[in-house]
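Input: one structure, supplied below.
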Amino acid sequence: MRAAGRILCRTLNLAAAAIAPGVMTRELDVLCEREIRSAGAVPTFLGYQGYPAATCISVNDEVVHGIPSDRQLREGDICKIDLGVTLDGMVADAARTWPVGRIRPETGDLLRATEEALARGVAQCRAGRRVGDVGHAIQSWVEARGFSVVRALCGHGVGRELHEEPQVPNYGRAGRGVRLEAGMTLAVEPMVNIGRHDVRILDDGWTVVTRDGLPSAHFEHTILVTDEEAEVLTANGKG
Ligand code: MF3
Ligand code: CO
(Lines of atoms letter the chains of each structure in order from A and count residues from 1; the text may use other names and numbers.)
(Lines give C-alpha, C1' and ligand atoms only; values in the text may rest on other atoms or scores of the structure.)
(Ligands and ions follow the chains in the order given, each with its own letter.)
Protein backbone atom coordinates (compact mmCIF):
# COMPACT_ATOMS: atom_id res chain seq x y z
CA MET A 1 0.00 0.00 0.00
CA ARG A 2 2.95 2.33 0.60
CA ALA A 3 4.18 1.69 -2.91
CA ALA A 4 0.68 2.11 -4.36
CA GLY A 5 0.34 5.35 -2.41
CA ARG A 6 3.58 6.72 -3.83
CA ILE A 7 2.44 6.03 -7.38
CA LEU A 8 -0.91 7.61 -6.62
CA CYS A 9 0.67 10.76 -5.16
CA ARG A 10 3.00 11.14 -8.11
CA THR A 11 0.03 10.73 -10.48
CA LEU A 12 -1.98 13.44 -8.73
CA ASN A 13 1.05 15.75 -8.86
CA LEU A 14 1.30 15.19 -12.59
CA ALA A 15 -2.42 15.89 -13.06
CA ALA A 16 -2.15 19.02 -10.93
CA ALA A 17 0.51 20.42 -13.22
CA ALA A 18 -1.77 19.85 -16.24
CA ILE A 19 -4.86 21.57 -14.84
CA ALA A 20 -5.58 24.79 -16.76
CA PRO A 21 -8.45 26.51 -18.54
CA GLY A 22 -9.31 24.68 -21.77
CA VAL A 23 -8.12 21.26 -20.62
CA MET A 24 -10.71 18.49 -21.01
CA THR A 25 -11.31 16.29 -17.99
CA ARG A 26 -10.82 13.24 -20.22
CA GLU A 27 -7.29 14.42 -21.01
CA LEU A 28 -6.51 14.42 -17.30
CA ASP A 29 -7.94 10.90 -17.02
CA VAL A 30 -5.74 9.66 -19.88
CA LEU A 31 -2.68 11.27 -18.29
CA CYS A 32 -3.40 9.58 -14.96
CA GLU A 33 -4.09 6.16 -16.42
CA ARG A 34 -0.87 6.28 -18.47
CA GLU A 35 1.19 7.23 -15.42
CA ILE A 36 -0.34 4.46 -13.28
CA ARG A 37 0.18 1.76 -15.91
CA SER A 38 3.73 2.87 -16.68
CA ALA A 39 4.48 2.24 -12.99
CA GLY A 40 3.20 -1.33 -13.36
CA ALA A 41 0.02 -0.59 -11.39
CA VAL A 42 -3.69 -0.68 -12.25
CA PRO A 43 -6.34 2.07 -11.93
CA THR A 44 -8.62 0.62 -9.24
CA PHE A 45 -11.78 2.46 -10.26
CA LEU A 46 -11.85 1.32 -13.91
CA GLY A 47 -14.58 -1.34 -14.07
CA TYR A 48 -15.39 -1.04 -10.35
CA GLN A 49 -19.14 -1.72 -10.24
CA GLY A 50 -19.08 -0.86 -13.94
CA TYR A 51 -17.39 2.56 -13.53
CA PRO A 52 -16.11 3.58 -16.99
CA ALA A 53 -12.84 5.46 -16.31
CA ALA A 54 -9.56 5.40 -14.38
CA THR A 55 -10.35 8.52 -12.37
CA CYS A 56 -13.33 10.38 -11.02
CA ILE A 57 -13.12 14.04 -12.05
CA SER A 58 -15.75 16.30 -10.51
CA VAL A 59 -16.05 20.03 -11.22
CA ASN A 60 -17.68 22.76 -9.08
CA ASP A 61 -21.03 21.47 -7.74
CA GLU A 62 -20.08 17.91 -8.68
CA VAL A 63 -19.12 16.38 -5.33
CA VAL A 64 -17.59 13.06 -6.40
CA HIS A 65 -17.79 10.33 -9.08
CA GLY A 66 -17.81 12.72 -12.03
CA ILE A 67 -17.04 10.83 -15.24
CA PRO A 68 -14.17 12.27 -17.32
CA SER A 69 -15.52 13.77 -20.55
CA ASP A 70 -14.89 16.41 -23.19
CA ARG A 71 -15.91 19.08 -20.68
CA GLN A 72 -13.26 21.78 -20.67
CA LEU A 73 -12.12 23.39 -17.44
CA ARG A 74 -12.70 27.13 -17.19
CA GLU A 75 -11.06 29.89 -15.20
CA GLY A 76 -12.82 30.06 -11.83
CA ASP A 77 -13.74 26.36 -11.67
CA ILE A 78 -12.61 23.98 -8.98
CA CYS A 79 -11.52 20.54 -10.18
CA LYS A 80 -11.47 17.39 -8.03
CA ILE A 81 -9.59 14.25 -9.01
CA ASP A 82 -10.22 11.06 -7.05
CA LEU A 83 -7.99 8.14 -7.88
CA GLY A 84 -7.42 4.54 -6.82
CA VAL A 85 -4.18 2.66 -7.53
CA THR A 86 -3.80 -1.11 -7.17
CA LEU A 87 -0.27 -2.50 -6.98
CA ASP A 88 0.30 -6.22 -6.41
CA GLY A 89 -3.27 -6.53 -5.18
CA MET A 90 -3.05 -3.70 -2.64
CA VAL A 91 -5.09 -0.52 -3.00
CA ALA A 92 -4.45 3.16 -2.19
CA ASP A 93 -7.18 5.79 -2.60
CA ALA A 94 -6.79 9.58 -2.55
CA ALA A 95 -8.33 12.79 -3.86
CA ARG A 96 -7.51 16.47 -4.08
CA THR A 97 -9.27 19.65 -5.23
CA TRP A 98 -7.53 22.41 -7.22
CA PRO A 99 -8.54 25.88 -8.34
CA VAL A 100 -8.50 26.53 -12.09
CA GLY A 101 -6.87 29.94 -12.39
CA ARG A 102 -8.38 32.56 -10.12
CA ILE A 103 -11.40 31.49 -8.06
CA ARG A 104 -13.84 33.34 -5.80
CA PRO A 105 -12.41 33.99 -2.31
CA GLU A 106 -15.19 32.00 -0.66
CA THR A 107 -14.37 29.01 -2.84
CA GLY A 108 -10.72 29.35 -1.86
CA ASP A 109 -11.85 29.28 1.78
CA LEU A 110 -13.79 26.08 1.02
CA LEU A 111 -10.69 24.38 -0.40
CA ARG A 112 -8.51 25.37 2.56
CA ALA A 113 -11.18 24.36 5.09
CA THR A 114 -11.62 20.95 3.47
CA GLU A 115 -7.90 20.21 3.28
CA GLU A 116 -7.53 21.23 6.93
CA ALA A 117 -10.58 19.11 7.85
CA LEU A 118 -8.77 16.11 6.36
CA ALA A 119 -5.66 16.91 8.40
CA ARG A 120 -7.75 17.17 11.57
CA GLY A 121 -9.49 13.89 10.83
CA VAL A 122 -6.18 12.15 10.16
CA ALA A 123 -4.78 13.56 13.42
CA GLN A 124 -7.47 11.54 15.24
CA CYS A 125 -6.42 8.30 13.55
CA ARG A 126 -4.42 6.58 16.29
CA ALA A 127 -4.78 3.29 18.08
CA GLY A 128 -7.40 3.63 20.83
CA ARG A 129 -9.36 6.48 19.22
CA ARG A 130 -12.71 5.76 17.65
CA VAL A 131 -14.23 6.36 14.25
CA GLY A 132 -16.53 8.95 15.87
CA ASP A 133 -13.48 10.96 16.95
CA VAL A 134 -12.46 11.27 13.30
CA GLY A 135 -15.92 12.33 12.14
CA HIS A 136 -16.36 14.73 15.01
CA ALA A 137 -13.03 16.45 14.31
CA ILE A 138 -13.96 16.90 10.66
CA GLN A 139 -17.55 18.02 11.22
CA SER A 140 -16.80 20.49 14.00
CA TRP A 141 -14.00 22.15 12.00
CA VAL A 142 -16.15 22.41 8.86
CA GLU A 143 -19.34 23.64 10.52
CA ALA A 144 -17.46 26.27 12.56
CA ARG A 145 -16.55 27.78 9.18
CA GLY A 146 -20.18 27.83 8.03
CA PHE A 147 -19.73 24.98 5.53
CA SER A 148 -21.43 21.57 5.65
CA VAL A 149 -20.20 17.99 5.42
CA VAL A 150 -21.79 15.61 2.95
CA ARG A 151 -23.60 12.86 4.90
CA ALA A 152 -24.52 10.53 2.07
CA LEU A 153 -20.94 9.34 1.43
CA CYS A 154 -18.23 8.18 3.84
CA GLY A 155 -14.58 7.32 4.19
CA HIS A 156 -13.79 3.63 4.57
CA GLY A 157 -11.32 0.90 5.28
CA VAL A 158 -9.05 0.19 2.30
CA GLY A 159 -6.50 -2.54 1.62
CA ARG A 160 -7.04 -5.65 -0.46
CA GLU A 161 -10.31 -4.08 -1.55
CA LEU A 162 -11.17 -0.46 -2.32
CA HIS A 163 -14.01 -0.42 0.19
CA GLU A 164 -13.58 -2.36 3.43
CA GLU A 165 -14.88 -2.07 6.97
CA PRO A 166 -15.19 0.17 8.86
CA GLN A 167 -17.11 3.09 7.41
CA VAL A 168 -15.54 6.42 8.35
CA PRO A 169 -18.25 9.10 8.32
CA ASN A 170 -17.26 12.77 8.13
CA TYR A 171 -19.57 13.55 11.03
CA GLY A 172 -20.16 11.94 14.38
CA ARG A 173 -19.77 11.99 18.09
CA ALA A 174 -16.45 11.86 19.89
CA GLY A 175 -15.82 8.61 21.72
CA ARG A 176 -18.36 6.63 19.66
CA GLY A 177 -18.01 3.96 17.03
CA VAL A 178 -15.42 1.36 16.04
CA ARG A 179 -12.15 1.52 17.98
CA LEU A 180 -9.08 2.10 15.80
CA GLU A 181 -6.19 -0.36 16.06
CA ALA A 182 -2.58 -0.19 14.93
CA GLY A 183 -2.27 -1.73 11.46
CA MET A 184 -5.67 -0.61 10.20
CA THR A 185 -5.59 1.25 6.88
CA LEU A 186 -8.29 3.82 6.24
CA ALA A 187 -9.35 6.23 3.51
CA VAL A 188 -10.35 9.48 5.21
CA GLU A 189 -12.20 11.72 2.79
CA PRO A 190 -14.16 14.80 3.80
CA MET A 191 -16.54 16.13 1.14
CA VAL A 192 -17.51 19.68 2.09
CA ASN A 193 -20.19 21.94 0.61
CA ILE A 194 -20.38 25.73 0.67
CA GLY A 195 -24.16 25.44 1.04
CA ARG A 196 -26.38 22.64 2.32
CA HIS A 197 -25.14 19.06 2.73
CA ASP A 198 -27.81 17.49 0.49
CA VAL A 199 -26.71 15.75 -2.72
CA ARG A 200 -28.33 13.90 -5.61
CA ILE A 201 -27.11 11.63 -8.42
CA LEU A 202 -27.30 12.70 -12.07
CA ASP A 203 -28.98 10.58 -14.73
CA ASP A 204 -25.58 9.13 -15.73
CA GLY A 205 -25.96 7.02 -12.59
CA TRP A 206 -22.63 8.17 -11.13
CA THR A 207 -22.11 11.89 -10.77
CA VAL A 208 -23.00 13.12 -7.28
CA VAL A 209 -23.91 16.85 -7.25
CA THR A 210 -25.01 19.29 -4.57
CA ARG A 211 -28.76 19.82 -4.54
CA ASP A 212 -28.35 23.58 -4.21
CA GLY A 213 -25.84 23.78 -7.07
CA LEU A 214 -23.15 25.38 -4.88
CA PRO A 215 -19.51 24.21 -5.01
CA SER A 216 -18.15 21.22 -3.11
CA ALA A 217 -14.56 20.22 -2.26
CA HIS A 218 -13.00 16.82 -1.56
CA PHE A 219 -9.64 15.80 -0.11
CA GLU A 220 -8.74 12.19 0.67
CA HIS A 221 -5.73 10.28 1.98
CA THR A 222 -5.06 6.63 2.64
CA ILE A 223 -3.50 6.34 6.10
CA LEU A 224 -2.01 3.64 8.32
CA VAL A 225 -3.09 3.69 11.96
CA THR A 226 -0.25 3.28 14.48
CA ASP A 227 0.17 3.86 18.21
CA GLU A 228 1.37 7.36 17.36
CA GLU A 229 0.67 9.73 14.48
CA ALA A 230 -0.87 8.04 11.46
CA GLU A 231 1.38 7.36 8.49
CA VAL A 232 -0.12 9.07 5.44
CA LEU A 233 0.49 6.69 2.54
CA THR A 234 -0.62 9.09 -0.20
CA ALA A 235 1.24 12.23 0.96
CA ASN A 236 3.87 14.18 -0.90
CA GLY A 237 7.41 13.81 0.37
CA LYS A 238 7.39 10.01 0.54
CA GLY A 239 9.53 9.56 -2.54
N1 MF3 B 1 -13.05 7.12 -4.65
C2 MF3 B 1 -14.31 6.66 -4.25
C3 MF3 B 1 -14.15 6.45 -2.78
O4 MF3 B 1 -13.33 7.08 -2.26
C5 MF3 B 1 -14.69 5.41 -4.99
C6 MF3 B 1 -14.96 5.64 -6.40
S7 MF3 B 1 -15.39 4.16 -7.10
C8 MF3 B 1 -15.82 4.55 -8.67
O9 MF3 B 1 -14.74 5.69 -2.12
F10 MF3 B 1 -16.22 3.46 -9.19
F11 MF3 B 1 -16.73 5.46 -8.64
F12 MF3 B 1 -14.81 5.03 -9.27
CO1 CO C 1 -12.34 6.57 -0.92
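Using the three backbone atoms N, Cα and C, a Cβ is placed for every residue, glycine included.
Pasting the feature list from TrEMBL:
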BINDING   HIS65, HIS163  substrate binding site
BINDING   ASP82, ASP93, GLU220  divalent metal cation 1 binding site
BINDING   ASP93, HIS156, GLU189, GLU220  divalent metal cation 2 binding site
DOMAIN    1-227  domain 'Peptidase M24'
Please give me the CB contact count at 10 A for ASP93 (divalent metal cation 1 binding site), counting all chains in the structure.
30
Measuring Cα to Cα, how many angstrom lie between GLU220 (divalent metal cation 1 binding site) and GLU189 (divalent metal cation 2 binding site)?
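Each residue's Cα considered, GLU220 (divalent metal cation 1 binding site) and GLU189 (divalent metal cation 2 binding site) end up 4 Å apart.
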Enumerate the residues of the same chain, ASP93, HIS156, GLU189, GLU220 excluded, that satisfy the criterion Cβ within 8 A of the mean position of the Cβ atoms of the recorded divalent metal cation 2 site; list them in sequence order.
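For the divalent metal cation 2 site the neighbour list reads ASP82, ALA94, ALA95, GLY155, VAL158, VAL168, LEU186, ALA187, VAL188, HIS221, THR222.
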Which binding-site residues are spatial neighbours of ASP82 (divalent metal cation 1 binding site) here, meaning Cα within 10 Å, out of HIS65, HIS156, HIS163?
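Within 10 Å Cα-Cα: HIS65.
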Using a 10 Å cut-off on Cβ-Cβ distances across all protein chains shown, tell me which of the binding-site residues (ASP82, GLU189, GLU220) has the largest neighbour count.
GLU189
In sequence order, which same-chain residues at least six apart have a C-beta under 8 angstroms from HIS163 (substrate binding site)?
HIS156, GLY157
Kindly state the mean pLDDT of the domain 'Peptidase M24' (1-227) in the predicted structure.
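Averaged over the domain 'Peptidase M24' (1-227), per-residue pLDDT gives 98.
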Near ligand 2, which of the binding-site residues ASP82, ASP93, HIS163 have CB less than 6 Å from any of its atoms?
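So the answer is ASP93.
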Taking the Cβ of HIS65 (substrate binding site) as the centre, how many other Cβ atoms fall within a 10 Å radius?
21
Ten-angstrom check, please: count other Cβ atoms within 10 Å of the Cβ of HIS156 (divalent metal cation 2 binding site), all chains counted.
19
Relative to the mean position of the Cβ atoms of ASP82, ASP93, GLU220, the recorded divalent metal cation 1 site, which additional same-chain residues have Cβ within 8 Å?
LEU83, GLY84, ALA94, ALA95, ALA187, GLU189, HIS218, THR222
Reported as an integer number of Å, what is the Cα distance between ASP93 (divalent metal cation 1 binding site) and GLU189 (divalent metal cation 2 binding site)?
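GLU189 (divalent metal cation 2 binding site) has its Cα 9 Å from the Cα of ASP93 (divalent metal cation 1 binding site).
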